[in-house]
Amino acid sequence: MSESGEISEFGYIMELLARGKVTIKNIERELICPACKELFTHPLILPCQHSICHKCVKELLLMLDDSFNDVGSDNSNQSSPRLRLPSPSMDKIDRISRPGWKRNSLTPRTTTFPCPGCEHDVDLGERGINGLFRNFTLETIVERYRQAARAATAIMCDLCKPPPQESTKSCMDCSASYCNECFKIYHPWGTVKAQHEYVGPTTNFRPKILMCPEHETERINMYCELCRRPVCHLCKLGGNHSNHRVTTMSSAYKTLKEKLSKDIDYLIGKESQVKSQISELDLLMKETECNGERAKEDAITHFEKLFEILEERKSSVLKAIDTSKKLRLDKFQTQMEEYQGLLENSGLVGYAQEVLKETDQSCFVQTAKQLHVRIQKATESLKSFRPAAQTSFEDYVVNTCKQTELLGELSFFSSGVDVPEINEEQSKVYNNALISWHHPEKDKADSYVLEYRKINRDEEMLPWNEIEVCGTSKVISDLESNCNYAFRVRAYKGSICSPCSRELVLHTPPAPVFSFLFDEKCGYNNEHLLLNLKRDRVESRAGFNLLLAAERIQVGYYTSLDYIIGDVGITKGKHFWAFRVEPYSYLVKAGVASSDKLQEWLRSPRDAVSPRYEQDSGHDSGSEDTCFDSSQPFTLVTIGMKKFFIPKSPTSSNEPENRVLPMPASIGVLLDCDKGSVAFYDVDHMRCLYERQVDCSHAMYPAFALMGSGGVQLEESITAKYLGYQESM
């Protein structure tokens, strides 16, 4: 049925509900898909136990798949770096649900998406949609709901001659509806058709058979008590549930039905209690409304008091500035008048000229002595001119930084709510940021508010971004690369807020995170290396093979490096990835290698293990000190024995003590194909340890090599699955 048809049908059903013509009432919201907001169509059960339409799952995956392609093409303003041959052209939706999809395919496939019901990330795994169960029970209820709505417009017989009669039965085997007469004609007694399964009039003829997602030809007939999901007998015999406790489907059906019946009977028996609690909730809502308005009035009163204080301080400050301004202007005016008196034909000079005209000596001396003192003072003031007042009002600048910070944190503080503390060990930043915190009185907090902001290099105070969180951890995405971010959290109980926690500053990676896994097909030596099922961890099987080669060691046998590379190459752009080296590792080399160099390594690995071969630069170690090439098609650094060894370079000290650093807990690699450089980072502090030029004319791959006992673990991308949606169930 088309989308417009579904919408019209749903509207028609709701109209019949309003008229009271549908018998099944008050369950509409249970039958609405959280994605499309319509009645469920072929619902599937997600791992988080919420249901969603089959078509909605496909649309969500397709939308995320397209956005993944867009992000990949937008990173560093260039196309996707993945090197794969184009897959055959086919419909994208069918491609998403196709079983057996492999990661090495060019077409990216997203199997993780947020559940529209609980908004937690769910991972469909390798099987994708084919690994989900159909929700037959919900499907039946929706069909019953539709049938109740269609009671006013009966289903007509499919076999009647015009005009058709109203049908009374529907045959599930024939997928058709019949009136009484037609049913007798097409299903006569004594024939095979008489044994067909028939139900009441319906338009849903889909077979109600629950098949195992892992074994598509097997029917579900058991129930795993550990995983709490239906399984088939092959799952129990040799599958993922071989060591789990399972029970028969009839026993699980009986047990769950009894529990559900008891719960329903209990709720029905408590109907009067529920009604009284509803009345109580209604009163509480009204009381909350009144208390909320009262709280608003109190808050307005407090803010008005603050406004009054600010207005008073404003008036006082402005008055002080005006008084000082008037006093300074008066001083300047007096000084200016004095200097104007020094001018010829005016003031003091003119008066002195008139005194000089006096011929009576006694009168002249009497007047000239005092005038001479004044002239001397005027002369001295000309020699050392000093303004009578200052023009600057620096002493009158209002410093509001502290008050601004306090006003920004203005909230409902109370000593009854403890301050939460951010857990620095569990908090980290990679492709996203994972912030975790603990609260001494977790049960007393209703919610938390996580705040974060970017710290500019010029220390400009940017506003805080706020996120309300119900739990004690949160994943934050869309952070800028190569930036410092400050995080803090506060707890809320009702309208009461705790003070903010101590700030945690984290540095984001210098480039977008590049996602890849270890390639088990290209040059992988399964005799020496052990790769886990997720292909994100590799270990070196050291010891036994070395013992077998003991005789050859006596005659100059050298243990070789076992190489393993990433399953995705990079041709352009700026990318970052991180990994951990196990502390017990003897020797591990990590970095990047070009596709042409990989062919050389993988064709003749013994040629690369000469004791004079220096992996870090591609030159013979004997000539390393005198010959350097600033641009190489590969770069590998050495990690081992809890140390990080920096390769030799012409620009830095080559003394051994200056080239050995403590091994970081996590090591990052930054590859910039546009600039032709590769750098290695201490991820915990996001500090660059070593950088050099590299030739990126060919496709570059993450490369690793192990010798002796060792292990490498790729850093896992941070997703919302860290929060654990099962906690909310």
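Cβ coordinates come from backbone N, Cα and C, glycine included.
Taken from TrEMBL, the feature domain 'RING-type' applies to 33-84.
The domain 'B box-type' annotation in TrEMBL covers 207-249. If one looks beyond the domain 'B box-type' (207-249) by at least 6 residues along the same chain, the residues whose Cβ comes under 8 Å of a Cβ in the stretch are 127, 130-134, 136, 140, 172.
Under the heading domain 'COS', TrEMBL lists 356-413. When pLDDT values are averaged over the domain 'COS' (356-413), the model yields 76.
Under the heading domain 'Fibronectin type-III', TrEMBL lists 419-511.
Marked as domain 'B30.2/SPRY' by TrEMBL: 496-723.
Residue counts of the domain 'B box-type' (207-249) by helix, strand and coil are 7 helix, 11 strand, 25 coil (DSSP-based).
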